[in-house]
Amino acid sequence: MSKKRIVIKIGSSSLTSIDGTLSPLKLAKFCHAFAEFKKAGHDLIVVSSGSVAAGFKEMGYPSRPVTVRAKQAAAAVGQTLLMQQYRFQLTQYGLIPAQVLLTRHDFRDAEHYKNVSSSLSELLKRGIIPIINENDSTAVEELTFGDNDMLSALISGVMHADMLLLMTDIDGLYNKNPLLYPEAKKYKKITNIDEELFSQTDGTTTAVGTGGMRAKLKAAQAAQEMGASVYISTFRESESILKITEFSGEGTYIVPDTSRQMKTKKQWIAFHASSKGSIVLDKGASNAILNEGSSLLHVGVTDVSGEFSTGDVIDAYDEQGSLIGKGQAHLTAEKLRSVLKNESTASSIVIHRDQWVPMK
Ligand SMILES: Nc1ncnc2c1ncn2[C@@H]1O[C@H](COP(=O)(O)OP(=O)(O)O)[C@@H](O)[C@H]1O
Ligand SMILES: N[C@@H](CCC(=O)OP(=O)(O)O)C(=O)O
């Protein structure tokens, strides 16, 4: 059997008791499943929520706090308690966890982005289980939008995982929120995440969750685009992680339309880098870069905005004003403007096809 690499994201709802505090028993069951999967020789990366749940009681809050400030403080206390539990449990199986705290901003800078991948790779090489959470004390988005779902998708992309498992309190993705509509039907397999699917999910969360099913769907879409399959369900002891990766789970599978994984460099262009400028392409150039696999030459550029340097990511729009892709500039904005003004006959590459990512 070939070696698998998976990312498993555990939502707060899968780690908490009825009163919203961390449940060591639930955490222990996950660790048992991790140990079984690791024993079979596979790579596992965990993205675990639960720091707010683990910390709020010790902070003296009577119930899970609601303000971002209080959640940040509770997360700072709870993260140490969360890791203490993971360590305690995993040690019993001879496994070592490593704490990695990240924010989505860590992916924006190309150098940081490379570091995320190389440090996680080193941990995996040494058989260690990275346990990632958002750096809640500085990342406000996380506590507001439930970015652990998206973070886990980005991790599956950069680490070229075969599958992302989103573990939550519900056994799959339904065509309506089943808590409000008991007649809702569960999807077994999805290949295309479209607007209709988004309209069937809402931001409703469990008492301890953030972001709801919509955040999971957005994350699944990103993971799918990067080439990883996604599984959304609730954790059952009877279902091994291996079984889930073999497509025998009871939850919802979201499979990529192509089995090709997006190259790391292209992931950075598509999902992480912030654009430093934009260009508008005429019809011929849009067609050449989108459908003929050509690089973009200056003759097809009708407008340039912003100041960018070589290697910066820029947005490309068609004549109708729709974003058609992103790519790394092959020349500076200043040079491009001057080339366009001089009506030079020599062709200058504006975006090389290897540094171009089309947007749907
Ligand atoms: N179409 C849907 N299918 C399944 N669940 C949905 C749907 N729409 C909304 N939900 C809600 O999403 C919730 C899970 O999200 P969330 O509370 O953020 O979980 P977690 O803490 O595990 O990240 C479910 O409890 C459910 O109420
Ligand atoms: N980072 C926060 C959780 C934020 C989050 O994404 O929550 P969830 O929707 O439960 O995965 C924590 O550890 O409590």
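Placement of Cβ uses the backbone N, Cα and C atoms for every residue, glycine included.
For Lys9, Thr168, Asp169, the entry in TrEMBL reads ATP binding site. Under the DSSP three-state reduction, Thr168 (ATP binding site) is assigned to coil, being neither helix nor strand. Take the CB of Thr168 (ATP binding site) and look out to 10 A: across all protein chains shown you find 26 other CB atoms.
Per TrEMBL, substrate binding site is recorded for Ser49, Asp136, Asn148. Following the DSSP three-state reduction, the secondary structure of Asp136 (substrate binding site) is coil.
What TrEMBL lists as domain 'PUA' is 277-349.
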Practice item. Quick one: pull the CA-CA distance for Asp136 (substrate binding site) versus Lys9 (ATP binding site), whole Å only. Key: 16
Check your understanding: Which whole-number value in Å describes the distance between the Cα atoms of Thr168 (ATP binding site) and Ser49 (substrate binding site)?
Key -> 11
Practice item. Under 6 Å from ligand 1 by C-beta, which of these binding-site residues make it: Asn148, Thr168, Asp169? Sequence order, please. Key: Thr168, Asp169
Practice item. Around ligand 2, within a Cβ distance of under 6 Å, which of the binding-site residues Lys9, Ser49, Thr168, Asp169 show up? Key: Ser49
Check your understanding: If you count the other Cβ atoms within 10 Å of each Cβ, which of the binding-site residues Asp136, Asp169 comes out on top?
Key -> Asp136
**Study point:** Most crowded position, judged by CB atoms within 10 A, among Ser49, Asn148 as binding-site residues
**Key:** Ser49
Review point. Rounded to the nearest angstrom, how far is the Cα of Asp169 (ATP binding site) from the Cα of Ser49 (substrate binding site)?
Key: 13
